Ligand SMILES: Nc1ncnc2c1ncn2[C@@H]1O[C@H](COP(=O)(O)OP(=O)(O)O)[C@@H](O)[C@H]1O
Ligand SMILES: [Mg+2]
């Protein structure tokens, strides 16, 4: 059940947990399958073989246009944003030792939203500058939270409570911005706040894909240190880890992913919270389960997009679906922890 | 060299006033050094500084002739291991995985599990008798079992110096003896052990070198037979007592005397 598989080639060795590999692969496969479904369905149905043909470049122009230009960006953004949120949540929950310590709970997503609204409503920007605003808003919020609660070891309860406080203040400010805005602008802002991949383009695919690609190497390196940090700072340092630096690097990776994801798709609720936990339930492995959380995030968001588009009668933004499912999940989580006699806060 | 590990003019503090002040200490190679002293006198703080977990306010810790701060963190972890007073159990981890984490300082991204890693973990688990617990969840173990698992983890690190902060606290008598016997075995195998203990009689039995602290300074140091006197115990712990030879080992045995029987004390 907990056995490892060790691959050795010469002096090199990798240690894998077969169950984790299988679970992650199945999740990726399920996400890809749903992605193909999403590519094939819509006002202009495209049969599966034609979807594959358009992707690999031998379909008729019209079909290829629908699949590649109209649908692919949305599907790709859903998967990549889901993966980014899954990773981000896995890191933060492990650093804070709290299932609620995910970016959407400690105020980072709201910070990103405020940044985006400031650009949209006060500076009159659109498109990429909104994304930049979200990024900056998220990073500033993180800076504040880091200084207040994160040094000297993340203190989970303080962090979550602080996050709730920061979120509430920022949300009030967001409301103020919207109330003061012109009607169309306010509607546009409100739409952004729901979180959606409906209007994604290849620019967004490149942004989120690029962020994942750039952050992958440090993630692989520091992911191993994350496991050691869960022994407490003293033990981690005694095993050769520079705890403070390691924690800062991991937090910055996590925040950047959450920030870019929010910049690209708006504040999508609950994926960062739920994906890591559902993933580790399936892998039954200790630690952050970063890879499995990424796969679970991609699957959850792709599935939510499918539900929003196909299962419900109208084309709902994916943020509405994740918020509804996430609310159920949170209730279930809190009830479960409460029954087990543990307190999250 | 006779002392691979030592402290020079070491002053340690958290935020406010120094907890340990201008401390000198040499840990003799191959010794079983036991640190005793009242609560909050700075034992854990000293141990953390010796393991480079806490940065000194002034002075330095020397390891193999150089300031410990001048080593890469990982290099320190290959020479010296620390079992903190209260390490955290990662949720959902099983015994074997926790012990395996002791190998971190010897591993690389692309050398995640060498044959030495496997051997070190198996040896550590055998020595601490946790092999049978390998696939049990650590947070479901008894205190005694869990402490042996932590010892196994430090042991898997394969350092010749091991610092153990209160390895026996919260264990019943049988498990205390268990853990101390493992330490003694490690010591006989050539390791240098530095442990913080509370029971003075156990300290006297197992230590080759006893370090007595009070208020952040070392008040006495040496073989237990020379150090452990009734005056010292009264002085440091404020407990009047008799010190007699331990009938089992001949080492000093501290017999506290309560208020109503003070008359028994020699004047
Ligand atoms: N992390 C910390 N932050 C601030 N003060 C601390 C910390 N750890 C210990 N202290 C203080 O330092 C003093 C010595 O503590 P410690 O070394 O743990 O004592 P001992 O291990 O001898 O019982 C105590 O007064 C304690 O309150
Ligand atoms: Mg202590």
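Cβ atoms are placed via backbone N, Cα and C, with glycine included.
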Feature transmembrane segment in TrEMBL, mapped to one of the ranges A:46-66, A:130-150: A:130-150
Paired segments the transmembrane segment (A:199-220) and the transmembrane segment (A:157-179) in contact, 3+ CB pairs under 8 A: no
Cβ pairs under 8 Å between the transmembrane segment (A:314-335) and the transmembrane segment (A:248-275), at least three: yes
Stretch among A:75-93, A:105-124, A:287-307 sharing the most Cβ pairs under 8 Å with the transmembrane segment (A:248-275): A:75-93
Any contact, the transmembrane segment (A:75-93) to the transmembrane segment (A:157-179), with at least 3 Cβ pairs under 8 A: no
Distal contacts, the transmembrane segment (A:130-150) - CB-CB under 8 A, six or more residues away: 106-120, 123, 158-159, 162-163, 166, 170, 192, 204, 207, 247-248, 251-252, 255-256, 258-260, 262-264
Maximum Cβ pairs under 8 Å to the transmembrane segment (A:287-307) - stretch from the list A:21-40, A:105-124, A:157-179: A:21-40
Close approaches to the transmembrane segment (A:157-179) from elsewhere in its chain (Cβ under 8 angstroms; 6 or more beyond its ends): 96, 98, 100-101, 105-108, 110-111, 113-114, 117-118, 121-122, 141, 144-145, 148-150, 186, 189-190, 193, 344-345
